[in-house]
Amino acid sequence: MEYHKVCAKPCSSYLFFAILLLFASLASFVDAAVHFHEFVIEAKPVKRLCRTHSTITVNGQFPGPTLEVRDGDTLVIKAINRARYNVTLHWHGVRQLRNPWADGPEFVTQCPIRPGQSYTYQFTIQNQQGTLWWHAHSRWLRATVYGALIIYPKLGSPYPFPMPKREIPILLGEWWDRNPMDVLRLALFTGAAPNISDALTINGQPGDLYRCSSKETAIFPVEAGETILLRIINSAMNEEMFFGVANHKLTVVAVDSAYTKPFATNVIMIAPGQTTDVLLTADQTSARYYMAAHAYNTANAPFDNTTTTAILEYKSDPVSAKKGQSLKPIFPQLPGFNDTATATAFTAQLRSLSKAKVPLEIDESLFFTVGLGLINCTNPNSRRCQGPNGTRFAASINNVSFVFPRRNSLMQAYYQGQPGIFTTDFPPFPPVQYDYSGNVPRGLWQPVKATKLFKLKYRSKVQIVFQDTSIVTVEDHPMHLHGYQFYVVGSGFGNFDPKNDPAKFNLIDPPERNTIGTPPGGWVAIRFEADNPGIWLLHCHLDSHLPWGLATALLVENGVGKLQTVQPPPLDLPRC
């Protein structure tokens with residue numbers, strides 16, 4: 001009896017707090033929503049540059065639908081394939097914790113959705129906010145099958161920056177005046193580089209500087225004095241880009257769904273796969289101002305050197321009083337196509353909003369050389385050997401040119417214990433050391449084709465240094481790691497110095513990203529904790545480089561218990 005009397009007050013307190021926790025968890029559950037969508041993937045007529053093409057779209061839209069959710073919400077998306085090509089969908093930047101089955105890359109985490117079939121992607125957003133996107137991950141369907149994925153904070157959680165009056169997704173893209181799948185097919189047949197795009201686009205429209213495009217140029221009305229949030233996504237296939245708005249400062253507040261310390265800039269550089277959120281205040285004279293983007297080209301190779309535009313239009317004075325015609329928009333000053341100094345200065349300003357949880361003790365230190373290569377032909381200059389000097393283009397990481405399986409997906413083979421689909425002996429460093437950014441001997445230009453993965457233990461602390469090579473040409477390769485966010489702790493030009501460069505790493509507030517470029521002829525270092533079991537593709541997001549083999553995959557083993565183990569595959573997972 002005395003025990004109960006003595007414990008009466010503390011026990012009631014425990015009960016009170018337990019009830020509070022229960023209500024808090026219920027409130028959190030109530031706040032979280034489940035969003036159901038049906039994505040019908042099919043060909044529809046789309047007119048651009050004076051011509052109408054049968055274009056692969058989602059729900060008849062190009063770009064596809066914008067998905068809007070909150071942190072903690074669940075997405076259930078039934079993908080129905082009515083196109084004539086195999087297709088998969090990837091939710092770029094979503095962590096997909098313990099759920100690689102929803103990640104989407106073809107023959108990596110799933111077999112493709114074949115024509116006439118469907119597959120339901122189901123996943124929950126966990127501790128992510130900001131701008132991401134979704135796109136096809138089958139061959140070159142991504143050229144037209146893509147859209148924005150916007151993750152708002154949980155209810156009651158504000159942005160860590162002034163609330164904008166409105167938000168505008170800005171999707172940068174490319175357009176071919178032909179079927180993009182035919183462009184890829186020709187390149188894979190000949191071994192040469194694919195034809196460059198015919199136009200760049202903003203929200204699917206080329207803009208005023210292209211033929212037959214002015215009437216459809218995207219126009220964004222603003223009120224004088226208001227602040228808007230531009231959610232900028234580079235959905236282009238092969239072009240890094242500079243983007244700016246005439247006479248307006250852009251304040252960067254987030255990249256790749258991670259908040260940053262704000263900083264002002266006249267221009268951003270954004271690579272395929274990356275997102276950048278910027279605040280823009282309409283503080284200029286009422287007029288019309290071009291948003292514009294053009295390529296940032298770092299390779300000695302042809303590129304699309306056109307410029308896409310949209311219009312920021314002040315509502316108070318959109319029309320000339322004298323002639324009754326629209327005022328000619330003011331054009332921004334964009335850097336030169338090869339202005340690496342401006343691109344480097346921009347990325348150097350990116351910092352995490354607060355102190356980052358960077359792994360300090362490293363379990364796996366990996367050194368990955370990334371770049372192009374050439375496959376020698378027994379019959380040079382034949383129809384199938386139209387690359388440089390009668391060769392075929394290739395690309396590799398650590399001299400391994402990745403071959404995607406066809407009999408089964410990597411994840412399904414791993415889960416089912418099926419041998420012969422892949423090996424786990426991907427080299428942690430290049431087999432031969434050489435002057436990576438210098439004059440590389442021709443004997444090292446030809447990679448080895450294989451399907452090799454690198455195995456990581458659960459919760460191992462990983463550092464990867466991506467080193468660009470000068471084989472064929474130096475180039476900024478935007479490397480994307482599926483299933484993870486990582487910290488970009490350092491970068492530089494020339495060859496990475498393992499003795500001196502780590503001392504310069506930013507281990508306090510490095511930016512957190514899912515896609516990062518290698519400086520042309522340089523290196524970039526990332527760190528992360530391997531806390532997401534499964535098989536996760538690591539590849540260059542220049543899509544001409546992916547079928548050439550600039551990829552590998554990380555096999556992260558299960559940990560202990562259910563919460564550290566890959567969940568079972570869904571019943572409708574496509575079979576090969």
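Glycine is treated like the rest: Cβ placed from N, Cα and C.
Any TrEMBL annotation is an automated prediction that lacks curation.
Database features (TrEMBL):
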type   : residues : note
SIGNAL : 1-32     : signal peptide
DOMAIN : 42-154   : domain 'Plastocyanin-like'
DOMAIN : 167-315  : domain 'Plastocyanin-like'
DOMAIN : 426-558  : domain 'Plastocyanin-like'
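Per DSSP, the domain 'Plastocyanin-like' (426-558) is made up of 7 helix, 54 strand, 72 coil. Assigned with DSSP, the residues of the domain 'Plastocyanin-like' (42-154) fall into helix, strand and coil as follows: 6 helix, 57 strand, 50 coil. DSSP assignment over the domain 'Plastocyanin-like' (167-315) gives 14 helix, 73 strand, 62 coil.
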